[in-house]
Amino acid sequence: MLNVTDLRGHTPSKSDIRRALPRGGTDVVSVLPIVEPVVDDVQNRGAEAALDYGEKFDHIRPASVRVPAEVLKAAEDTLDPRVREAIEESIRRVRKVHADQKPREHTTELAPGGTVTERFLPIDRVGLYVPGGNAVYPSSVIMNAVPAQEAGVGTLVVASPPQADHGGWPHPTILAACSILGVDEVWAVGGAQAVALLAFGDDSADLEPVDIITGPGNIFVTAAKRLVRGVVGTDSEAGPTEIAILADDTANPVNVAYDLISQAEHDVMAASVLITDSEQLARDVNREIEARYAITRNADRVAEALRGKQSGIVLVDDIEVGIAVADQYAAEHLEVHTANAREVSERISNAGAIFVGDFSPVPLGDYSAGSNHVLPTSGTARFSAGLSTHTFLRPVNLIEYDEAALKDISEVVINFADAEDLPAHGEAIRARFETLPTTTADTTDTPDATA
């Protein structure tokens, strides 16, 4: 089922690897002309425009953008106890990890009386996007809200598409997760129009704009984020989900097959890639996939994803080359199924998250490992990171020098200012220690304004 790319027999360069690797991705640029008018319309008409687009795309118009408190409470009250237990345990684990991520204020002394203190200040108002679509994602509520809460964010807003099956409100499980987390501002709006409304708000509807928007979404959500970036902050652009598995002949082919299948279940564009130095493992995994995928509930979706150009098996000469291939692929999720898996994992430079060994599968990270599942995709893990407490914090420096400390460094500053031909910078320093000459304006030729 999976296509095979054979890199054996030579040492591939980085360029060779990037050209050879299966990669799908999404062409965000192609949908910008579709999304830009939506964003502009919501900026101009606010909530009314967002509701109009919801009616057009989601085939339902909620009674209001903001979900009433009683609807949130009812969703929590009627939640299946087993689902509630799962949500609460996942919140506990994710909160523990993200609480430990919060950096501490620190001060550096440059000279007696001269210090720089770095403080970490939370963003004031955050918009969290939770998609609808093929599945229900209360886990995305947890993964976005908990790090923001641990950062000390002032206000959280969750936006999620209205659903005709649920009275025009977002899915009840999403609403229940919001209620359990204490998020009481939830908007029944999805897609590009949700991103625009979060960015621009609507004073007439008492919908305040946010300062940053995070959370996954489809290509239209991603395009809208690109258009509003600069008006607000955003997290990294999320393409279709992906898994890479680096494995040798010690790997269990059944487990590897199931992990590839489970990621393909998300989306027909999802990518599932096996990187291995074992031709036997490659054959075994392909056989296990063929034998098992059809019994899953989402078999058609899985099959399309696994047969797509974005998925495949990459054969390499050895694990050394496998590590290089994994680094160039820079997977959203990377599993390592090798002898000495921890040692191999520590040599990986590029991945959104690394899952070490046979008992740390990606589905654990999707829900309850404690790590965050909002991760960079499409190779962007080479230069960006997943969502964390840091996403919602701004480092701010406090510079504090006394007179002696400034005088001690003043000559350096003045010389630098002169080198850059910015003499007023130097004079701003000198004026604190000496009386600088002034120019008295000659008013003899100035017209008398009262004449």
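Just so you know, glycine gets a Cβ as well, placed from its N, Cα and C.
Pulled from Swiss-Prot:
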type	residues	note
ACT_SITE	Glu332	active site, proton acceptor
ACT_SITE	His333	active site, proton acceptor
BINDING	Tyr129, Gln193, Asn218	NAD(+) binding site
BINDING	Thr241, Gln263, His266, His333, Asp366, Glu420, His425	substrate binding site
COMPBIAS	7-19	compositional bias 'Basic and acidic residues'
REGION	1-20	region 'Disordered'
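Structure coloured by features recorded in Swiss-Prot.
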| residue | record | contacts (Cβ under 8 Å, 6+ apart) |
| --- | --- | --- |
| Tyr129 | NAD(+) binding site | Asn144, Val158, Ala159, Ser160, Ala194, Val195, Leu198, Ile213, Thr214, Gly215, Pro216, Gly217, Val221 |
| Gln193 | NAD(+) binding site | Val38, Val42, Ala49, Ala50, Tyr53, Gly54, Ala224 |
| Asn218 | NAD(+) binding site | Pro131, Gly133, Gly191 |
| Thr241 | substrate binding site | Gln263, His266, Asp267, Ala270, Ala271, Glu332, His333, Thr377 |
| Glu420 | substrate binding site | none |
| His425 | substrate binding site | Val413, Phe416, Ala417 |
Quick check on the recorded positions: of His266, His333, whose CB has the lowest count of neighbouring CB atoms inside 10 Å?
His266
Quick check on the recorded positions: of Glu332, Asp366, whose CB has the lowest count of neighbouring CB atoms inside 10 Å?
Asp366
Measuring Cα to Cα across Tyr129, Gln193, Asn218, which the record gives as the NAD(+) binders, how far apart are the two most distant ones in Å?
12
So if I draw a 10 Å sphere around the Cβ of Gln263 (substrate binding site), how many other Cβ atoms end up inside it?
31
Structural state census, the compositional bias 'Basic and acidic residues' (7-19) (DSSP three-state):
6 helix, 0 strand, 7 coil
Apart from Tyr129, Gln193, Asn218, which residues in this chain have a Cβ no more than 8 Å from the mean position of the Cβ atoms of those residues at the NAD(+) site?
Pro131, Ala159, Pro161, Gly190, Gly191, Ala192, Ala194, Val195, Gly217, Phe220, Val221, Ala224
Going by DSSP, is His333 (active site, proton acceptor) sitting in a helix, a strand, or coil?
strand
